[in-house]
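Database features, via Swiss-Prot:
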- E255: active site, proton acceptor (ACT_SITE)
- C289: active site, nucleophile (ACT_SITE)
- W156, N157, K180, P181, A182, S183, G233, S234, L256, E386: NADP(+) binding site (BINDING)
Amino acid sequence: MKLNDSNLFRQQALINGEWLDANNGEAIDVTNPANGDKLGSVPKMGADETRAAIDAANRALPAWRALTAKERATILRNWFNLMMEHQDDLARLMTLEQGKPLAEAKGEISYAASFIEWFAEEGKRIYGDTIPGHQADKRLIVIKQPIGVTAAITPWNFPAAMITRKAGPALAAGCTMVLKPASQTPFSALALAELAIRAGVPAGVFNVVTGSAGAVGNELTSNPLVRKLSFTGSTEIGRQLMEQCAKDIKKVSLELGGNAPFIVFDDADLDKAVEGALASKFRNAGQTCVCANRLYVQDGVYDRFAEKLQQAVSKLHIGDGLDNGVTIGPLIDEKAVAKVEEHIADALEKGARVVCGGKAHERGGNFFQPTILVDVPANAKVSKEETFGPLAPLFRFKDEADVIAQANDTEFGLAAYFYARDLSRVFRVGEALEYGIVGINTGIISNEVAPFGGIKASGLGREGSKYGIEDYLEIKYMCIGL
């Protein structure tokens, strides 16, 4: 693997500041989704190694939380600077193991680093309260303290940003962390860990355990030393983890599945709506939890929008993410391809029509053509299930009440989008949509300064913003008698 800094390519896990193999010597191969080539391997660790990482995090906790917020911020700022200095290497590593175009990968590294920078400063603003006493001889004080050892389980679709969005607030608050990255994309996590060491993060404060999801996850959820778990992934797995954490009453943050509606009203700027649909639907080949999954277009502009979207999609360039000009890379694996094919076949069987794409790409493997379906019926699978691929199904709607009812008819509530010019409509629809995030006249919503998270079956808690650090803090009330 060609990197400017070859030491960023790590094939061992990090526990208590040491790079280690699995106790049993077993390993997991990591492949390039663009061509199937083996990139390397990482240790297939289990419960014993995870327990060792938790113990290390627990031992490191007293000294780390005893530092001042400014001292922790200095170390985190070093980490941010190193991420940006090594942006090209980190992006290349990400494209090789995840598949997204290099330009997108570079953007993700910048996005990931922004959480470290943001929370380095937010850690200095963990304020308490002084409450007017209920009695003359009492003083009431509220302070916030780090929750303790935390665990994070992160997905493959954003292998850097989903880590820093958790590690940033945890470390800034004075907590320590044990991370289990996705087995498809562990090298990004290990490279970040290498930079954390260089930044001055003490041994045991940030640990990365690779290996069996079941064995590692079970230890993270059952070990009483872990006081909080943060997970980004499917709703199905999130439910299981929440049940497991209930035994010890662990604090849980969950960022789960989505089924985002993308609504185009008849007063929308159609060119901007198409631009937003491209960004929301086809970024990362549609493999994002906030990507548009259902496109609702009002009758009066349906045909024009479909034509404009088709023209725009036809200009997308599919290929290996390292090649110049590529805008869509491969899907992560064969299962992802099969899910897209299943949703297309189901919609066609129920009356939808393909106007663009509709089948695997001529490159073969995990590549799939960007696809647009029109006249999609409400009972199609794609209206109820998250596709996680480059499929844009267009549904018709008559009026505001109709589309709000359709958009909210789902168990999910992560992100929604709509395009409209009427100011009254903007407020009515924005408030009526049952989602944690609403993008209005924009298809890009994620950043470090705003709260990210969903409602209903899409999760618990918020990441990013001033609220993101709260999930890593405990509130303590002290009543002082004079």
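Backbone N, Cα and C atoms are what each Cβ position is placed from, and that goes for glycine too.
A count of other CB atoms within 10 A of each Cβ picks out L256 as the most crowded of the binding-site residues A182, L256. In the three-state DSSP assignment, the secondary structure recorded for E255 (active site, proton acceptor) is strand. Pairwise Cα distances among W156, N157, K180, P181, A182, S183, G233, S234, L256, E386, which the record gives as the binders of NADP(+), peak at 24 Å. Considering only the recorded positions K180, A182, G233, C289, the residue whose Cα is spatially closest to the Cα of the residue listed as 'active site, proton acceptor' is G233. According to DSSP, A182 (NADP(+) binding site) sits in a coil region rather than a helix or strand.
With respect to their backbone Cα atoms, K180 (NADP(+) binding site) and the residue listed as 'active site, nucleophile' stand 19 Å from each other.
Taking Cβ-Cβ distances under 8 Å and a sequence separation of 6 or more, the neighbours of G233 (NADP(+) binding site) in its chain are I153, T154, P155, E255, L256.
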